[in-house]
Amino acid sequence: RRPQTVICYICGREYGTKSISIHEPQCLKKWHQENDMLPKHLRRPEPKKPEVRPVQAKGFYDLDSLNEAAWISAQNQLVPCDICGRTFLPDRLIVHQRSCKPK
């Protein structure tokens, strides 16, 4: 059986339930550094952590709904290419557009 994982709402990668609290602040810091280096038209607002309410009286979260909300948040960070419509992280979009050609 696989250990339980949590999806990062910033990058969309999976992390263990203990290490996600270490990863998220570092990921957000990296996101700010990369976002500040982008051209103004590609900069995005800071991603907001999805709010998921505890489902049990003991305060536990439904891990599936938490992961789904985090995945959607991470996917919302992607920017579509003006030429082909594929979606990329903004720093990768610049690289992609160098070689993207209209059909």
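Placed from the backbone N, Cα and C atoms, the Cβ positions cover glycine too.
Features of the protein shown, as given by TrEMBL:
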type	residues	note
DOMAIN	4-33	domain 'C2HC/C3H-type'
DOMAIN	77-103	domain 'C2HC/C3H-type'
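For the domain 'C2HC/C3H-type' (77-103), same-chain residues at least 6 beyond its ends with a Cβ under 8 Å from one of its own Cβ atoms are 10, 12, 34-35, 37-39, 42-44, 47.
Averaged over the domain 'C2HC/C3H-type' (77-103), the predicted model reaches a pLDDT of 88.
When DSSP labels each residue, the domain 'C2HC/C3H-type' (77-103) comes out as 10 helix, 4 strand, 13 coil, counted as helix, strand and coil in that order. Applying DSSP to the domain 'C2HC/C3H-type' (4-33) sorts its residues as follows: 14 helix, 6 strand, 10 coil.
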